[in-house]
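So the structure is just underneath, and the comments pick up after that.
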Amino acid sequence: MATINQLVRKPRVRQKQKSNVPALQACPQKRGVCTRVYTTTPKKPNSAMRKVARIRLTNGMEVTSYIGGEGHNLQEHSVVLIRGGRVKDLPGVRYHIVRGSLDTAGVGDRRQGRSKYGAKRPKG
């Protein structure tokens, strides 16, 4: 325990909180260009082919981002918007691609949770 005198001479320093999404640089979203679109497998005990994309952001950083929803139209050179949010079973994937914005199409035939997947309201 520090004495009062020691604290007067050198106050306590607040610990800096580390960001979970450093590439966003305190912005809600960032734009980027796909450099590679591929599938990868999750950690144990899960099993799937998860769709991910490597993205070069406007600030020059390159990140791996998850493509949510069923089916997508992304390929190399597609311009996308990314947001924060990690994928628990994919190590190193800390960002999500925003569906229904820029070059990313929304999920077709989506009835519930449409706003998360950029799907329009169905007719009737």
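Every residue, even glycine, has its Cβ placed from backbone N, Cα and C.
Annotation comment: Swiss-Prot describes 1-23 (among others) as region 'Disordered'. Secondary structure by DSSP for the region 'Disordered' (1-23): 8 helix, 0 strand, 15 coil.
Packing around D89 (3-methylthioaspartic acid) is summarised by its Cβ count: 15 other Cβ atoms lie within 10 angstroms of its Cβ, all protein chains included. Secondary structure at D89 (3-methylthioaspartic acid), as computed by DSSP, is coil. What Swiss-Prot lists as 3-methylthioaspartic acid is D89, and the listing cites similarity to another entry.
With DSSP states grouped into helix (H, G, I), strand (E, B) and coil, the region 'Disordered' (103-124) comes out at 4 helix, 0 strand, 18 coil. Swiss-Prot lists 103-124 (among others) with the feature region 'Disordered'.
Annotated compositional bias 'Basic residues' per Swiss-Prot: 113-124, in sequence order. Tertiary proximity for the compositional bias 'Basic residues' (113-124) is limited to same-chain residues at least six positions away from its ends with a CB under 8 Å from its CB atoms, namely 68-69, 98-101, 104-107.
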